[in-house]
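See structure below.
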Amino acid sequence: MDFIEISLIFREHLPLLELCSVIINLLLFLVFLFAVSARQILVCVRRGRDRLSKDDTVSASNLSLEREVNHVSVGFGFNLSLLCCLYVLGVQVLVLVYDGVKVRREVSDWFVLCFPASQSLAWFVLSFLVLHLKYKSSEKLPFLVRIWWFLAFSICLCTMYVDGRRLAIEGWSRCSSHVVANLAVTPALGFLCFLAWRGVSGIQVTRSSSDLQEPLLVEEEAACLKVTPYSTAGLVSLITLSWLDPLLSAGSKRPLELKDIPLLAPRDRAKSSYKVLKSNWKRCKSENPSKPPSLARAIMKSFWKEAACNAVFAGLNTLVSYVGPYLISYFVDYLGGKEIFPHEGYVLAGIFFTSKLIETVTTRQWYMGVDILGMHVRSALTAMVYRKGLKLSSIAKQNHTSGEIVNYMAVDVQRIGDYSWYLHDIWMLPMQIVLALAILYKSVGIAAVATLVATIISILVTIPLAKVQEDYQDKLMTAKDERMRKTSECLRNMRVLKLQAWEDRYRVRLEEMREEEYGWLRKALYSQAFVTFIFWSSPIFVAAVTFATSIFLGTQLTAGGVLSALATFRILQEPLRNFPDLVSMMAQTKVSLDRISGFLQEEELQEDATVVIPRGLSNIAIEIKDGVFCWDPFSSRPTLSGIQMKVEKGMRVAVCGTVGSGKSSFISCILGEIPKISGEVRICGTTGYVSQSAWIQSGNIEENILFGSPMEKTKYKNVIQACSLKKDIELFSHGDQTIIGERGINLSGGQKQRVQLARALYQDADIYLLDDPFSALDAHTGSDLFRDYILSALAEKTVVFVTHQVEFLPAADLILVLKEGRIIQSGKYDDLLQAGTDFKALVSAHHEAIEAMDIPSPSSEDSDENPIRDSLVLHNPKSDVFENDIETLAKEVQEGGSASDLKAIKEKKKKAKRSRKKQLVQEEERVKGKVSMKVYLSYMGAAYKGALIPLIILAQAAFQFLQIASNWWMAWANPQTEGDESKVDPTLLLIVYTALAFGSSVFIFVRAALVATFGLAAAQKLFLNMLRSVFRAPMSFFDSTPAGRILNRVSIDQSVVDLDIPFRLGGFASTTIQLCGIVAVMTNVTWQVFLLVVPVAVACFWMQKYYMASSRELVRIVSIQKSPIIHLFGESIAGAATIRGFGQEKRFIKRNLYLLDCFVRPFFCSIAAIEWLCLRMELLSTLVFAFCMVLLVSFPHGTIDPSMAGLAVTYGLNLNGRLSRWILSFCKLENKIISIERIYQYSQIVGEAPAIIEDFRPPSSWPATGTIELVDVKVRYAENLPTVLHGVSCVFPGGKKIGIVGRTGSGKSTLIQALFRLIEPTAGKITIDNIDISQIGLHDLRSRLGIIPQDPTLFEGTIRANLDPLEEHSDDKIWEALDKSQLGDVVRGKDLKLDSPVLENGDNWSVGQRQLVSLGRALLKQAKILVLDEATASVDTATDNLIQKIIRTEFEDCTVCTIAHRIPTVIDSDLVLVLSDGRVAEFDTPARLLEDKSSMFLKLVTEYSSRSTGIPEL
């Protein structure tokens, strides 16, 4: 080639560059005008909408009074950027004037003025935009400006390059005004390009605020008062996702918190989605009651508009994705010298660029849309499942345990939401096949029919796989449900497991359940590996069939046609790959839909079980006519039968009877909780319910008492007084703001009951239903509470109370005596005594117990003093619950306060925040910043010490090499144009291609199998490590950690590790190697591309780092915000009866919706951030592709091989997708790795002492005598909490019966926990038979001790398994224990005897029966030391007396420590320990203590005796 030809080339290219510049400037200018117009239209529309709806913004009551004072400082960078814009504008205006004069003088073509005119117009607009930034106080450069500056500099460099080559060839005589202008503006454009890369305008805005800006009455500390900018974003902002810039900017400077994340737009909130789905679900149920309703249909009806909008983007994206494959043959022909029209190459390059640009934008909008659609579906379904959980009938609860329902929310709902990604594949697959066939028909002719046949065969092959995967998924989910159910049960009852030394046994059971789950997981993952093989093999099979058919038919294959076909196959690969995934996902989604649909169709509580009449319309408060009720409607024996009762307004009704007589069921029938077989129940007014097993919410004491009602200080103070809580609250370190642990773990049994009573009293109901609330209280507190609460505070209310305290019965207006589910006696106290029979037997047993106590009269001089009460009055002014709180103070300020008052609010809020740090339950720990490399290494080393990682990379590299080799072979071997001969024999061509391509698919199968093997081993190891760590955790961990947090890790996080992370890791390796292959192919043809790839890669890494700073924190917040949803659900299910009893369902549903929004807020920003990054990645890669195309077109014909250039274009079509997918796969991998990080946290819990210490194992006969010695024992629950036991010292002689008494909260149960080492003493020591228990293993200690705990616990299973979980005893021994514990006849009356079922939490057994089962366990264990912690509180006096006799007989030679509020239970003990405020007040024989007139024990006995003589003396 000579200089003349080169000169002609550059003469052609320079005008084209100028033409490109003109077109780009005009396009950007039009976009600018369109954006401005669209923004104005959107503003007008929103103004009109705002007038019609108040819902689109946060209400004024929720907004702060903030008036920000913005201080704007203009930096040197801004001034220089404005100066550069004006400078370039001036230069272009000069060029325009010069060229205009020249044209006029020389009478030239006016077309030459287009370039300087467009440049002048563009830089005028740019100067205006930059100047406008100052008035907008914008710290960030608009995306449009940044793109404009970047393109201007790029075109300038290209023009300078062409100008330089031309001047070198033709000489300086050809120098023009444009050349001079380019040289003049290059430094300015370079600086502007640098600013475009940084994105900073040079303007700094300092926002300051006065005290008047402090938000008032913000309920949640984590609340944000700003609605997401997404709701008001303009068209350009929506397309470019620049509305997210402020959040990402904040995240790049500091770790994001929930308060940084804006509120959702009203249309995106859970409430909106829930209402729509709920309405359509009801409609589907009512349309055809005879057929099961379709949940899928209800979902489609609810969200079809969003799906249709997504379909538009999906369809457009599909169309433009086939533009490249269609044009490749033309491009190869052009490079081969076949030019159809002038400048065809540039036109083709422009079309390629435009199509990829449209594909990029539509892809991001499409993916963003499906994410939002899935988000709405998940929110709505979660809310539906929660609501259903509150309404479940007793029968339905047996079919769905809380663990299973957690799985519905955590796994099934997630899967249904994820199906939005596959929703459009159903109709897109045929569309893509049709487009592919059209292109193939152009390329290979009639052989395209073979493509269709091969495609159909490939699809049919996947159908059996889908069925197999559906079965595997169904079995996997069933196994996961079972594991979650047992895990949830173990976490709830961990205290019992540790006390009984059963934790290893139950942990092994969980490991066995995991093994079963692991088996199905292994099958699912290996089947997925086979699906991956099918995915990569299908296009190879289709291509081989197509090419073989073409060769057989004699169709001429050309390089262009082959490359077009290969590009088409590569695109067709996606729907072919997605089809197995689609079928698999449809199968999985169907399973999840069926599970949730079945749950939503479960029977709810009978709405007509109780007829509620508004207050004031009747004098009859409660009326039951011919009531027959049964927990199991299919049972032949009803729970309650023949119930007749009429209670007038204001009456006090007492319900009594022996254990299992139906007392609690009687309360349930009034509430409508128990299924009604026949009869009628009517109540007049509202109800307040206090359950027998206290239900306490996590939160502070005030929140538990208010229970959603507004604070009224006087009323609140009276309630505290009436419930005897004032002294307790004063003793708490934070008063009524003390955080209560899960299930009230840091409260004593009596305190929990009094909080329950306070909650009921504060609601001011008309009817109060109290299920034995006094059993957990000592005599004095019980007497005071009965007097102040029932006789005084509820004097004008209707009260129905269940009680075993016979002494309270005389105060009742009506007494009901139940036996075997029937009311056998009813009437007043005296009338029933005279009638004799069962009621007289109950009362007589009580009086006999009282008469057995020989009680001297206390001296009159001490009668008005109470040393125990005085010792408890340790007033803490900081915990005064009656001072004005933050809300009251804020209200006063709103009514006319000053700034100083607001400062007081701020200070008080700061103090409250500081005080929370000392609470028992803390906010969930969250790692901040970059995921530690230690986490990655721990995961990669978890399976075979990382030995599989190199093999996975090697297999992927081999696959990629063979893929490129097969495509290169087809491009090289086929002729460039029709008529030319092929370089090889057609048969050899096909054999080599098939061998290379099939070999690549084999390697991908090897990679997929290795990834599955690696993932399985790593997941199993991580799970077992976490499980063992959790089970070895001290009890303080469970006290301070809500079960929802742990369940979140063993369900959601573990599912991510099981099913997601292995493929994420493999996908990242795959994408990395594929990207390297694409770049290698492109640079092999046009090495100049590498010069642009390097800066683009740097820019990508910078953006990835910028994005990850916010993304990882958003993912962590998402994970943390999921726990409260699960926790609330578990808590609500446990207290559903209480919630319904107070009619609080709507409030709890609203709370659930709020928590869902708190979860969705960071999730929404997280998915938007992903699309934000992908958009910018793909735009950069599209520019690289465009640059490659321009270079290929610029080369003279014959310079490069058209076949290789076509191959480079074929791979370049995938560059934008692969580059963004590479960065995205790493980002998603890091986001998913956070699940491993969270599991790793729980694998590193500091465990309690070893279970067995081989060097200090006690003798097998230990303890021989059972002597317990406490030496200066001090105990506290946590380092940040006060001491509970203050130097307790005493000796319990072996074989003696020790009674432990004291006021509620005096430290009795804490002492027992120290004995079992659930809490390790901070000082002192405890010895048993002269062996320091701190020196031996926990299992050796706890397995040698027996206990009947205060809260009786039954595990789901059978009676046999609950009595003998370790399977150490024969049936005869078990029956003997049941008979001695008074349960033998009850169990014999069951159809399955010892195999009689026990439901979750033992719900089908009464509380009293559960305590008797605990007694049976102790009888079987026959430990030398037995502890009874309020073991008989929930049984009647006669049964209690009988149990005490059994214990005295069966444990005659054992040391028995009894904690009891019933004085007769401990009066015959050998020694009595009186505790007061965590100290030993008295310790002696009962006789000596009763002889001492100043004895605290004497006062306790006297109080009990006085109370037991009857209510009139109270």
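Cβ atoms here come from the backbone N, Cα and C positions, even for glycine.
Annotated transmembrane segment per Swiss-Prot: 16-36 (among others), in sequence order, evidence recorded as sequence analysis.
The transmembrane segment annotation in Swiss-Prot covers 76-96 (among others) and rests on sequence analysis. Tertiary neighbourhood of the transmembrane segment (76-96): same-chain residues 113, 116-117, 119-120, 123-124, 126-127, 130-131, 133-134, 177-178, 181, 184-185, 188-189, 191-192, 195, 200-203, selected by CB-CB distance under 8 Å and a gap of 6+ residues from either end.
Residues or ranges marked as transmembrane segment by Swiss-Prot: 111-131 (among others).
According to Swiss-Prot, the transmembrane segment annotation covers 142-162 (among others), on the basis of sequence analysis.
The transmembrane segment annotation in Swiss-Prot covers 177-197 (among others).
Sequence annotations record features per position, and here Swiss-Prot assigns transmembrane segment to 312-332 (among others). Proximity of distant same-chain residues to the transmembrane segment (312-332), defined by a Cβ-Cβ separation under 8 Å and at least 6 residues beyond the stretch ends, is recorded for 340, 344-345, 348, 351-352, 355-356, 358-359, 362-363, 365-366, 369, 424, 428, 431-432, 435-436, 439, 442-443, 558-561, 563-564, 567-568, 570-571, 976, 1202-1203, 1205-1206, 1209-1210, 1213.
Under the heading transmembrane segment, Swiss-Prot lists 421-441 (among others), citing sequence analysis as support.
Among the features that Swiss-Prot reports, transmembrane segment is placed at 533-553 (among others), with the record citing sequence analysis.
As annotated by Swiss-Prot, domain 'ABC transporter 1' applies to 622-845.
Sequence-distant neighbours of Lys663 (ATP 1 binding site) (same chain, six or more apart, CB under 8 Å from its CB) are Val655, Cys656, Gly657, Asp771, Asp772, Val802, Leu818, Ser1406, listed in sequence order. Residues annotated as ATP 1 binding site in Swiss-Prot: Gly657, Thr658, Val659, Gly660, Ser661, Gly662, Lys663, Ser664.
Taken from Swiss-Prot, the feature transmembrane segment applies to 946-966 (among others).
Swiss-Prot lists 949-1231 with the feature domain 'ABC transmembrane type-1 2'.
The transmembrane segment annotation in Swiss-Prot covers 986-1006 (among others) and is backed by sequence analysis.
Only residues 6 or more beyond the boundaries of the transmembrane segment (1078-1098), in the same chain, are considered here, and those with a CB under 8 A from a CB of the stretch are 964, 1180-1181, 1183-1184, 1187-1188, 1191-1192, 1200-1201, 1204-1205, 1207-1208, 1211-1212, 1214-1215, 1218-1219. Summarising the annotation, Swiss-Prot assigns transmembrane segment to 1078-1098 (among others) and lists sequence analysis as the type of evidence.
Summarising the annotation, Swiss-Prot assigns transmembrane segment to 1180-1200 (among others) and lists sequence analysis as the type of evidence.
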Exercise. Of the stretches 142-162, 177-197, 421-441, 946-966, 986-1006, which racks up the most C-beta pairs under 8 Å with the transmembrane segment (533-553)?
Worked result: 986-1006
Problem set entry | Averaged pLDDT score, the domain 'ABC transporter 1' (622-845) | 85
Exercise. So what's near the transmembrane segment (177-197) in sequence-distant terms, Cβ-Cβ under 8 Å and 6+ beyond its ends?
Worked result: 18, 77, 80-81, 84-85, 87-88, 91-92, 94-95, 98-99, 115-116, 141, 145-147, 149-150, 152-153, 156-157, 159-160, 163, 167, 1099
Exercise. So which residues does the transmembrane segment (946-966) touch in its own chain, when a touch means Cβ under 8 Å and the partner is 6 or more beyond its ends?
Worked result: 536, 940, 993, 996-997, 999-1001, 1003-1004, 1006-1007, 1010-1011, 1013-1014, 1066, 1069-1070, 1073-1074, 1076-1077, 1080-1081
Exercise. Who are the long-range neighbours of the transmembrane segment (421-441) in its own chain, taking Cβ under 8 Å and residues 6 or more past its ends?
Worked result: 307, 310-311, 314-315, 318-319, 322, 325-326, 370, 373-374, 447-448, 451-452, 455, 546, 564-565, 568-569, 571-572, 574-575, 578-579, 581-582, 585-586
For this session: Taking the Cβ of Val659 (ATP 1 binding site) as the centre, count every other Cβ atom within 10 Å, in any protein chain shown.
Result: 22
For this session: For the recorded ATP 1 site, whose residues are Gly657, Thr658, Val659, Gly660, Ser661, Gly662, Lys663, Ser664, find every other residue on that chain with a C-beta no more than 8 angstroms from the centre of their C-beta atoms, and list them by sequence position.
Result: Leu818, Lys819, Ser1406, Gly1408
Exercise. Which residues in the same chain, at least 6 apart in sequence, have a Cβ under 8 Å from the Cβ of Ser661 (ATP 1 binding site)?
Worked result: Leu818, Lys819, Glu820, Gly821
For this session: Let me know the DSSP-derived helix, strand or coil state of Gly660 (ATP 1 binding site), please.
Result: coil
